[in-house]
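Structure first, then comments.
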Amino acid sequence: KVFGRCELAAAMKRHGLDNYRGYSLGNWVCAAKFESNFNSQATNRNTDGSTDYGVLQINSRWWCNDGKTPGSRNLCNIPCSALLSSDITATVNCAKKIVSDGNGMNAWVAWRNRCKGTDVQAWIRGCRL
């Protein structure tokens, strides 16, 4: 599913991401834009053999199990396929674990490079939330 910007913002808010660990909703929407272009079915292979999954491009080396990543830790205890659903519950629950891990949203390269220090509020402007 390719989400609309405000549609994804509303779903993220409903699942408790707004100000989770101090990150406003705009941060999460911005991260999703540059990680997956709001596409829940996005997958991208990394040079280390791991794959990133879903709207927040969650990585199979650490966070989920896809059955093909050597030494996968599966810290969110989920199959990676759960991260490709149009229901973002699994993605959000795993993202909460990731952002609590010590590096905050710096865990997302796209957030670090394209969202951090910018006017992320713009990503939810005009949305009825």
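Note that the numbers count up from 1, one per residue, in the order the chain is shown.
Yeah, the Cβs are placed from backbone N, Cα and C, and that goes for glycine too.
Swiss-Prot lists 1-129 with the feature domain 'C-type lysozyme'. The disulfide bond annotation in Swiss-Prot covers Cys6-Cys127, Cys30-Cys115, Cys64-Cys80, Cys76-Cys94, and the record cites experimental evidence as its basis. According to Swiss-Prot, the feature active site maps to Glu35, Asp52.
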Disulfide-bonded residues compared (Cys64, Cys80, Cys94, Cys115, Cys127) - the one with the fewest other Cβ atoms within 10 Å: Cys127
Model confidence over the domain 'C-type lysozyme' (1-129), averaged pLDDT: 98
Spatial neighbour of Cys64 (disulfide bond) that is closest, considering only the disulfide-bonded residues Cys6, Cys76, Cys127 and their CA atoms: Cys76
Cα-Cα distance linking Cys80 (disulfide bond) and Glu35 (active site), given in Å to the nearest integer: 16
Pairwise CA distance, Cys115 (disulfide bond) versus Cys94 (disulfide bond), rounded so that it is a whole Å: 20
Integer Å distance between the CA atoms belonging to Cys30 (disulfide bond) and Asp52 (active site): 17
Around the Cβ of Glu35 (active site), the count of other Cβ atoms that are within 10 Å: 23
Integer Cα-Cα distance in angstrom, Cys80 (disulfide bond) to Cys6 (disulfide bond): 25
Cβ-Cβ distance under 8 Å to Cys6 (disulfide bond), same chain, at least six residues away: Ile124, Gly126, Cys127, Arg128, Leu129
Rounded inter-Cα distance in Å - Cys30 (disulfide bond), Cys94 (disulfide bond): 18
Entry from the disulfide-bonded residues list Cys30, Cys76 having the most other CB atoms no farther than 10 A: Cys30
Three-state secondary structure, Cys6 (disulfide bond) (per DSSP): helix
For Asp52 (active site), the number of other Cβ atoms found within 10 Å of its own Cβ: 23
